[in-house]
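Written out below as structure tokens is the structure these notes cover.
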Amino acid sequence: MASMTDQQAEARAFLSEEMIAEFKAAFDMFDADGGGDISTKELGTVMRMLGQNPTKEELDAIIEEVDEDGSGTIDFEEFLVMMVRQMKEDAKGKSEEELANCFRIFDKNADGFIDIEELGEILRATGEHVTEEDIEDLMKDSDKNNDGRIDFDEFLKMMEGVQ
């Protein structure tokens, strides 16, 4: 086996032994000739089998990134890097979806913004002792375009600091 790149070592560190074994089993099913690589065509099938759902565009972009030598094939280490990337993307998408749901709940009047009254309600609902000054400070810090309310992008930025 060729020496691992930093990316490949990172990918292995991110995954449990069980996951690596599961990915290897799926990979091997499509490595028909046992040569240690699969064609880019088979890649989508393998990823779907492992619960990933890349679009055609995502697949093309992934393949372009991963198939550095342009051989049209991907070896197992390249495959691991790609799967980890995809898993992280999916996780990011999920947390953004959860935050969108929170935003909708916090945006009581459904105008697409969280105003200072709504922000105050949210903070008081946590049970923490919150002063008007605390609420105003958070609004000031979060309201990047200074329109007196928090839009969804500002909310995402605000929540990045929380997680």
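Every residue, even glycine, has its Cβ placed from backbone N, Cα and C.
A quick note: this is a predicted structure, and the numbers were derived from the prediction, not measured.
Per Swiss-Prot, the feature Ca(2+) 1 binding site maps to Asp31, Asp33, Asp37, Glu42. Positions annotated as Ca(2+) 2 binding site by Swiss-Prot: Asp67, Asp69, Ser71, Thr73, Glu78. Positions annotated as Ca(2+) 3 binding site by Swiss-Prot: Asp107, Asn109, Asp111, Glu118. Feature annotation from Swiss-Prot assigns Ca(2+) 4 binding site to Asp143, Asn145, Asp147, Arg149, Glu154. Taken from Swiss-Prot, the feature domain 'EF-hand 1' covers 18-53. Annotated domain 'EF-hand 2' per Swiss-Prot: 54-89, in sequence order. Annotated domain 'EF-hand 3' per Swiss-Prot: 94-129, in sequence order. Sequence annotations record features per position, and here Swiss-Prot assigns domain 'EF-hand 4' to 130-163. According to Swiss-Prot, the feature blocked amino end (Ala) maps to Ala2.
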Most isolated by CB count within 10 A, of the binding-site residues Asp31, Asp37, Glu78, Asp107, Asp147, is Asp147
Between Asn145 (Ca(2+) 4 binding site) and Asp67 (Ca(2+) 2 binding site), what C-alpha distance do you get in Å? 42
For the domain 'EF-hand 1' (18-53), distant same-chain residues with Cβ under 8 A (at least six beyond the ends): 12, 59, 62-63, 67, 71-76, 79-80, 82-83, 86-87, 90
Please work out the number of neighbouring Cβ atoms within 10 Å of the Cβ of Asp69 (Ca(2+) 2 binding site), leaving out its own Cβ. 8
Fewest other Cβ atoms within 10 Å: which of the binding-site residues Glu42, Asp67, Asp111, Glu118, Asp143 wins that one? Let me know. Asp111
Which of Ser71, Thr73, Asn109, Asn145 (the binding-site residues) has the most other Cβ atoms within 10 Å? Thr73
Checking the contact step here: among the binding-site residues Asp69, Thr73, Asp111, Glu118, Glu154, which have a Cα within 10 Å of the Cα of Asp37 (Ca(2+) 1 binding site)? Thr73
